[in-house]
Number of protein chains: 2
Amino acid sequence: MFTTTPDINSERLLKDLNRLAQIGAGADRAIHRIAGNDADMAARDWIDKTMRVSGLHSYYDAVDNVFSRRLDTSGPWLLIGSHSDTVPAAGHLDGAYGVVAAMEVLRTLHEHDHPIADHVETVAWFDEEGVMEGSKGGLTGSTAFTRDPHADDLFAYIELHVEQGPRMERDGLDLAPVTGIVGVRRYDVAVRGQANHAGTTPFELRQDAGRVAARVATELRRICQDIDPASVGNAGVISFDPAAANVVPGAARVELEVRAGTDQALDRIEQSLSDFLLLAADEEECAAELNRTSAKPAAVFDKRVYGVVEEVCRERTDRCEPLLSYAGHDASVISTRLPTAMLFVPSTGGFSHSNREHTSDEHLILGTQALLDAVIRTGETLLPGLLTKHLTTV
Amino acid sequence: MFTTTPDINSERLLKDLNRLAQIGAGADRAIHRIAGNDADMAARDWIDKTMRVSGLHSYYDAVDNVFSRRLDTSGPWLLIGSHSDTVPAAGHLDGAYGVVAAMEVLRTLHEHDHPIADHVETVAWFDEEGVMEGSKGGLTGSTAFTRDPHADDLFAYIELHVEQGPRMERDGLDLAPVTGIVGVRRYDVAVRGQANHAGTTPFELRQDAGRVAARVATELRRICQDIDPASVGNAGVISFDPAAANVVPGAARVELEVRAGTDQALDRIEQSLSDFLLLAADEEECAAELNRTSAKPAAVFDKRVYGVVEEVCRERTDRCEPLLSYAGHDASVISTRLPTAMLFVPSTGGFSHSNREHTSDEHLILGTQALLDAVIRTGETLLPGLLTKHLTTV
């Protein structure tokens with residue numbers, strides 16, 4: 001190491017998180033910054049103004065992503081940040097934490113006139129959540145950015161985020177370098193049988209579409225676990241038709257999703273799910289279809305950037321283990337364009353998309369400091385000549 | 001045997017069935033005689049007028065049941081009949097067949113001046129189906145009748161009905177004496193877990209209410225069959241809350257019903273169902289309740305009247321086996337007040353509550369003739385002195 005590591009301003013970090021949490025807050029501090037609504041645009045305005053301190057500047061791109069960096073620098077830059085929009089009735093950390101932490105890291109490096117400061121850009125992505133009317137599943141700002149020529153000026157992307165799940169707390173972890181982001185496939189299971197009198201029709205003469213649907217919802221867990229213990233699945237919606245206690249369901253639907261760390265695992269789970277569905281339908285004399293309604297590919301993060309993130313996390317705490325992200329993030333899209341990695345801090349109780357979302361101040365500070373560490377180390381690792389030159393010329 | 005058995009008038013039977021089928025018929029001959037509507041009251045009017053032939057008379061009781069019998073008789077009477085109301089878009093046989101067949105039997109006996117003719121009364125029950133607004137689950141007319149002093153003047157009740165199921169056709173039966181009517185219990189299964197992110201929440205930390213519900217819907221069949229192979233069950237309605245593919249269901253509901261030939265079997269199935277529900281809920285870290293929302297006791301028919309019905313059926317055809325009724329009937333209620341039995345003819349394809357309801361003319365005629373046989377034999381068996389006296393005095 002040939003550069004020093006300044007400490008972040010913890011007080012300012014927590015104050016700014018609190019300030020942003022007030023924009024769009026409704027009853028019980030639940031936050032409503034749906035992408036593009038007044039609160040979301042007010043939050044972007046606050047980020048923009050906050051980052052226009054002496055020596056820094058800020059700007060919107062064509063799709064309302066907000067960027068900030070030092071004035072009069074020419075890159076290449078390391079991009080850090082997250083999204084500032086939320087789901088309805090959200091918590092104050094999902095996205096916002098990564099944005100405010102990135103703002104804090106840039107300002108700390110800038111104030112200490114650290115040589116990497118000229119090579120850091122922060123971002124607050126637009127519409128990660130996909131709740132905005134007309135959104136095509138979210139990740140709107142980051143997806144647009146992958147086609148923006150400005151991406152050529154960047155050499156890596158690091159995103160800090162709350163875990164949004166209970167794994168870290170369960171395992172007593174302070175920090176988790178993230179190896180990648182699960183791919184997500186959604187399915188609509190449609191079963192057709194024959195509605196019939198639930199009393200007079202013997203079991204063996206039924207074509208019970210509801211039973212096929214219930215069997216699929218029951219077996220999904222086993223199907224996932226048999227193929228990949230790290231995969232998860234969920235049967236979230238189910239309905240029978242006609243819906244009457246005394247009528248054998250003539251049709252049934254299940255909406256389900258599957259998440260796994262590689263596309264190969266997703267392929268195998270899909271095949272196993274399809275095999276089970278057809279077997280169950282056959283046994284119940286029904287017809288069934290497994291319709292894939294959406295598919296987000298799995299993201300496996302860049303080895304070098306991930307390696308740096310893991311290294312700095314382990315230097316800050318022994319309570320640190322690699323994790324796969326089971327939630328989608330802008331980093332997933334950006335990883336198709338730039339060397340990318342992420343790091344997580346724990347979510348108390350695993351709650352997210354809820355006003356019960358919480359992370360201790362200690363972990364919020366630790367995560368931001370680790371992000372700053374990772375920014376310096378990534379610069380040293382990916383651009384050693386640039387920073388050396390900088391050190392010698394400053 | 002000391003009385004002769006006249007043949008019914010098959011032509012009149014089929015003509016009258018066809019005539020009644022036109023009252024309340026809509027598109028595709030589907031029938032809409034909801035109890036108390038204009039069509040239902042017009043049908044009662046037609047029955048009333050049709051039975052006021054020379055020597056017979058007809059009357060309504062306080063709840064619009066329509067009765068007919070010979071003039072100037074003093075009982076006791078054997079009651080035969082069924083209901084003339086229908087579900088919406090019904091077939092032309094459910095209920096109506098038993099009413100028209102009873103009308104035919106009385107008229108035949110009356111025309112032949114058979115000694116039993118003085119001791120037969122026909123009935124068209126009001127609101128069997130329970131579709132009428134304000135109906136408390138149907139069987140309104142027969143239930144009221146059990147509290148009517150006129151029931152004291154009757155010595156038995158026999159109801160002829162279409163099977164409304166596929167069992168007889170499957171087994172190649174012409175006639176089936178009915179041993180009893182299943183009891184029906186309905187349940188509302190309520191499961192409470194914890195809604196959570198379907199990606200970030202590992203399987204072992206979920207409280208998946210949906211999975212508990214799906215497991216119950218899946219296992220219901222096994223639970224019934226393990227306890228009583230003649231029982232049936234149906235999970236007809238299911239819902240998860242919140243209903244989203246990416247949210248682990250935090251609550252779930254299933255509406256189900258169970259039918260069995262004895263209340264003891266129903267008790268045992270209920271216990272097994274409750275045990276399974278609590279086990280599954282425990283395994284998924286959920287809370288669950290099995291709420292019984294309704295219960296109709298099983299009816300086991302009178303040994304003597306059933307014995308007569310079985311005897312006359314076997315005399316008419318070798319293709320005859322006892323059957324349990326899996327659908328409810330007025331006979332179930334009447335059996336709590338009078339010695340009761342039923343007999344079935346086959347339903348083509350098992351269809352009922354549908355304009356696809358059908359029974360061959362041969363079976364319609366055979367069933368009506370068997371009902372006439374049963375009426376005479378029941379009189380001879382239960383009231384031998386009365387008929388002998390009659391024979392000697394006429």
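Using N, Cα and C of the backbone, Cβ positions are placed for all residues, glycine too.
Just so you know, TrEMBL annotations never went through curation; they're auto-generated.
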Looking at TrEMBL, B:Asp94, B:Glu129 are annotated for Zn(2+) 2. Which of B:His353, B:His358, B:His363 sits in that same site? B:His353
Given that TrEMBL records B:Asp94, B:His161 as binding Zn(2+) 1, the matching residue among B:His83, B:His150 is B:His83
According to DSSP, how is the domain 'Peptidase M20 dimerisation' (B:181-277) divided among helix, strand and coil residues? 37 helix, 37 strand, 23 coil
Among the binding-site residues B:Glu129, B:Arg259, B:His353, report those whose Cα falls within 10 Å of that of B:His83 (Zn(2+) 1 binding site); none is a fine answer. B:Glu129
All chains considered, the count of other Cβ atoms within 10 Å of the Cβ of B:Glu129 (Zn(2+) 2 binding site) is 23
Measuring Cα to Cα, tell me the gap between B:Arg186 (allantoate binding site) and B:Glu129 (Zn(2+) 2 binding site) in whole angstrom. 17
Which one is it, among the binding-site residues B:Asp94, B:Glu129, B:His161, B:His353, that lies nearest to B:Asn246 (allantoate binding site) by Cα separation? B:His353
Measuring CA to CA, name the entry from the binding-site residues B:Asp94, B:His161, B:Arg259 that ends up nearest B:His353 (Zn(2+) 2 binding site). B:Asp94
Stretch-averaged pLDDT - the domain 'Peptidase M20 dimerisation' (B:181-277): 96
Below 8 Å between Cβ atoms and chain A: which of B:His83, B:Asp94, B:Glu129, B:His161 make it? I'm asking about the binding-site residues. none
Chain-mates of B:His83, B:Asp94, B:His161 with C-beta within 8 Å of site centroid, Zn(2+) 1: B:Ser82, B:Leu93, B:Gly95, B:Ala96, B:Tyr97, B:Gly98, B:Glu128, B:Val162, B:Gln164, B:His329
Compute the mean position of the Cβ atoms of B:Asp94, B:Glu129, B:His353, which form the recorded Zn(2+) 2 site, and then list in sequence order the other residues of that chain whose Cβ is within 8 Å of it. B:Thr86, B:Val87, B:Ala90, B:Gly91, B:Gly95, B:Glu128, B:Gln164, B:Ser352
